[in-house]
Each structure stands twice: as structure tokens, then as C-alpha cells.
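Trainee: Annotations per Swiss-Prot:
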BINDING   Cys97, Cys102, Cys136, Cys140  [4Fe-4S] cluster binding site
BINDING   Cys140  siroheme binding site
Amino acid sequence: MVKRMHCNINLKYGVIMKKDCYTLRISLKPGFINAEQLKAIAYVIENFGDNKAHITTRQGIEFKISPEHLEEVEKILNNVGLNLGSTGNRVRQVVSCIGLECYNAIGDSVSLARRIHEEFEGVWVPRKVKINVSGCPNSCTFHRFCDIGICYRYKITINKEICTNCGKCKDFCDLNAIDWERKIIKDNCTGEGKCTGLCNAFKAERVISIFVGGKGGRIYKEGKHLIDLKNEDDVLFVIDELISLYAKFGKGRMADFVENYGIENLRNNIKELIK
């Protein structure tokens, strides 16, 4: 695995220097925060800050304090399992949807996101790397618009031998991804899997899709599909390889690396390693 860069009080990591204060950013583990941690944050911002905190777009929390309270505040946060982070040229806090708490979930996105977070958050990279995990194709975490996006979905196929030509599926898909006459699923299928309830001819295989090279911002890009995997261990393996290649050859953002390296070259390299 990629070597972790251990950081504690580092004004470039989790601490943003302002003119008359520090802004501290907490790197939260994906999914949920407990009551004890919320109480600690409330205590800190009430006693050392300006009595308010900001919820970041990556599900983190940040707030202002006076510089002289940095060590004391960090100790209070550490005592309840909270750490500063998610700034600078590092792998940032991993974002997840609510996973199995949602009735649309195809996979446990929270558990996978936490594994990724624990393994890679804080690792040095040429530019910041954002990783988002969605439990289904609804894309609540906008996994196609971040450096590495992960999505649980279904690969749908039609068994032509079982199909009775009943026509139930002909106009069922709002994406028109079912070719009823040829009995195939088109490439624009998102893998939601609702069509599998129509009849036994539809078969669904759960996969974990990885997208790479997306980003938000003023000049946004949609990530490109890299590979479909069958288990979470392989997901961590692929992320490790992506970050290693990016750390070695990357200069701009991950999107620039993918463009320069070539998505087909990247796909071929990853597929060879997964065999």
C-alpha cells in the first residue's frame, strides 16, 4: 500500500491560517458522527471559537479558533476520535452516502468508504485527491465528478433462451436502455436494476464501478469509467495503484493525469493487475 504520511500539528494539514485566527478542519470518518463527538465540537466552538461551525461540501466540519488554543483544541478533539485534516495536497476526507440506511442501496457504501478513508486519507499526492462512494447509481455523492468515484450498481443481462417475447420490458426503462428486439442491454444502462423484477429473463450481477478523472469547479469534468469489480478488497487495490501512478507521474489534478496517461493505457494496466 501507499506509505502514509503521519501528521499531527502541521499548519498545512487541517489548519488554515487566517489573518487573525486559525480555521480548523476536521476530517470526519465517512457516514456518521456520534453524540460524544458533536458535544466536543460544540464545546470547542463555544469556548475557543466564535460559536459557529461550517459544514463543508465534503461532509467535514470546520471552525475558527484563536492560534494560542490550537494544541488544547486538538487534544479535546482527539480524545473523542476526531482528527484535523483534509487540506493541502493529500487524499482528502472520503465522502459517502448513508449506504444501507437507504432503501435504494445496492451495497454498503459507508463501510467501503471508511476502509478507503482509514487506508488513504492524508497520503501525499501531487494535488488534492477527492474520493466519493455511492451505494447506488442515484449518485448522491456525485461520484462521477471527483478524482476517484466509486458506485455500487448492477450489470444487467437478458437470457434470450428464457425470454418469452411478452413485451413487458419494451417501454419500461426511462433511459431506453433495453433493446427488446435484440434482447440486449445498451451501454447507457446505469445499473439500477428495477427491470430485473419484470421477469426471470433479466439477470443482475452486483458490481462496484470505479470512475477516474472527474472534478467539479468552474471547469468541471465527468469521470471516465475505469473498471467494474466484484469485491471491496479489489477496490482498495485499484485505488492504491491509481494513487501510486498519480504520485509518480502526475503533475496537475487527477483529470490531467488521466488525460496525459491515457484512459485506455490506465484501463489495460489495471486489468492486468486484477487478473
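Glycine is no exception: its Cβ is also placed from the backbone N, Cα and C atoms.
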Trainee: Cys97, Cys102, Cys140: which of these binding-site residues has the highest Cβ count within 10 Å of its own Cβ?
Mentor: Cys97
Trainee: At a 10 Å cut-off from the C-beta of Cys136 ([4Fe-4S] cluster binding site), count the other C-beta atoms across all protein chains.
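Mentor: Cβ-Cβ neighbours of Cys136 ([4Fe-4S] cluster binding site) within 10 Å number 23.
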